[in-house]
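A.B. asks: Got a structure here, written out as C-alpha cells. Questions coming.
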Amino acid sequence: MAKEKYDRSKPHVNIGTIGHVDHGKTTLTAAITTVLARRLPSSVNQPKDYASIDAAPEERERGITINTAHVEYETEKRHYAHIDAPGHADYVKNMITGAAQMDGAILVVASTDGPMPQTREHILLSRQVGVKHLIVFMNKVDLVDDEELLELVEMEIRDLLSEYDFPGDDLPVIQGSALKALEGDSKYEDIVMELMNTVDEYIPEPERDTDKPLLLPVEDVFSITGRGTVASGRIDRGTVRVNDEIEIVGLQEEKSKAVVTGVEMFRKQLDEGLAGDNVGVLLRGVQRDEIERGQVISKPGSINPHTKFKGEVYILTKEEGGRHTPFFDNYRPQFYFRTTDVTGSIKLPEGTEMVMPGDNVTIDVELIHPIAVEQGTTFSIREGGRTVGSGMVTEIEA
C-alpha cells in the first residue's frame, strides 16, 4: 500500500494531558484515539491502547531523559499531536525544557479525589511555561453517585485555576469516564466526542512559526571579499528576505542595525528564508568583527538584550549526568542560550536554602553579558560544558 501523504490542509495543533498521578491521563489519551477511530475512521485515527501509550520510549532532550508518548489523531476540523507523559517527573521535565510545546492542555481530575498536589503543580507549570488554554476533564464520574459532590469538585477545580490566573469561572469543564468510553459505552463515547469538539473550539489555532517576527541565532560568521559579512544559522521563527532591515541583538548593551543583501541556502540564492531553514545571510553595514556567535538577527524592535530574568528550572539528577551535590544561593554556572554560554549568578527564592539534584525551582538570574531573551526562551545550565539543568525564562526583570 502506498504511503499516504501528510495532509497539511487541516490546521495542526499540539495538545497534551496533564494532572495528578492515577487520575486517568493515559486512559483518556487511549479513549480519545479509540473513540475517534470508531466515530471518524481515517488513516490518522488509529486506536492506541493504554499499554502502548504507557510504554513510552525514553527520549533525551538536552541531556535529560524524558519518557513521553506521542499520539496523533484528527477531528473533522483539525489534526492533533497529543503528548502524554507517564510519570510526574516526566511532566515537569517536559514542560520546563520546552520539549513538549503545547498550544493547550486537557487537565484530568478524578472526580473521586478532586484536585491533588500534582494537579496544582501542573497548573502552576502551565502558567509558568505559557500553556495559555486549559480544558478540564473530570474523570471517573461513573464512580460518584452524588451530584452535589461533583458540583463541589468542579467548584474546587475552578477556584484552583483562578488562583493561578486562568479564567476559572469561564473555561470548559467536561464530566465523563475515560474507562467507560474506552470500553465502548456509547453515553461516555459521546462525552469524549463532546470533549474533542470543545478542544476544537476553545483552543485557538497557534500562530505559525513563519508568521512570527524573525529570529535567527547566529552560529557562524565569515566575510566574502567585495561582498560583505555573512552570518549563518537556522532560522528559529519568521522569514528573512533580501532588502529587509534587521537588528543584531545580544552580547552588547546596544543593538546594531544592518540590511540583508542576500540569502543563501546550500550555496543557492534565495528570495527568502523561512523558519527551519539553515541559511547564510549577507549583511550590509556590519563589519566581520561586529557580529558573533551567540547574537541573534531579528526583526527590529521584536527582541531586546537583557541581563536579569526569572526562570523556572529543572536540575538534573546524578543519574542523568547532573550534579552530585546541591547548590546554594549565588551559585555561578554558565547559561547556554541557543548557541553560546554566558556566566550568570542565581538567587534562590526566599526560604529556599539549597537546590538538590532532581528539584525544580523558580530562580532569579543575573548574566554578566546581555543576551536576546524574552518570556518563553529556553536555556541550559552548564558547568564546564556539562549540562546540570534546564530552564525557561518566565519573566524579564532588566
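Placement of Cβ uses the backbone N, Cα and C atoms for every residue, glycine included.
So Swiss-Prot lists these for the protein:
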DOMAIN    10-207  domain 'tr-type G'
REGION    19-26  region 'G1'
BINDING   19-26, 84-88, 139-142  GTP binding site
BINDING   THR26  Mg(2+) binding site
REGION    63-67  region 'G2'
REGION    84-87  region 'G3'
REGION    139-142  region 'G4'
A.B. asks: By a Cβ-Cβ criterion of under 8 Å, what residues six or more beyond either terminus of the region 'G1' (19-26) are in contact with it?
C.D. replies: 50, 53-54, 69, 84, 86-88, 107-110, 113, 115-119, 122, 139-140, 178-179
A.B. asks: Summarise the model confidence on the region 'G2' (63-67) as a single mean pLDDT, whole number.
C.D. replies: 74
A.B. asks: Compute the C-alpha separation of GLY19 (GTP binding site) from THR26 (Mg(2+) binding site), stating it in Å without decimals.
C.D. replies: 10
A.B. asks: Cα-Cα, whole number of Å: THR26 (Mg(2+) binding site) versus VAL141 (GTP binding site)?
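C.D. replies: With distance taken Cα to Cα, VAL141 (GTP binding site) is 17 Å from THR26 (Mg(2+) binding site).
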A.B. asks: Using a 10 Å cut-off on CB atoms, tell me which of the binding-site residues LYS25, HIS88 is the least crowded.
C.D. replies: HIS88
A.B. asks: Taking DSSP three-state, what's GLY19 (GTP binding site) in: helix, strand or coil?
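C.D. replies: For GLY19 (GTP binding site) - judged by DSSP and reduced to three states - the answer is strand.
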A.B. asks: When you measure from the Cβ of ALA85 (GTP binding site), how many other Cβ atoms are you left with inside 10 Å?
C.D. replies: 24
A.B. asks: Return the residue, from the listed binding-site residues GLY19, ASP22, with the maximum count of other C-beta atoms within 10 angstroms of its C-beta.
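C.D. replies: Ranked by Cβ atoms within 10 Å, first place goes to GLY19.
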A.B. asks: With an 8 Å cut-off on Cβ-Cβ distance and a minimum sequence separation of at least 6, pull the same-chain contacts of VAL141 (GTP binding site), or say none.
C.D. replies: SER111, LEU150, GLN175, GLY176, SER177
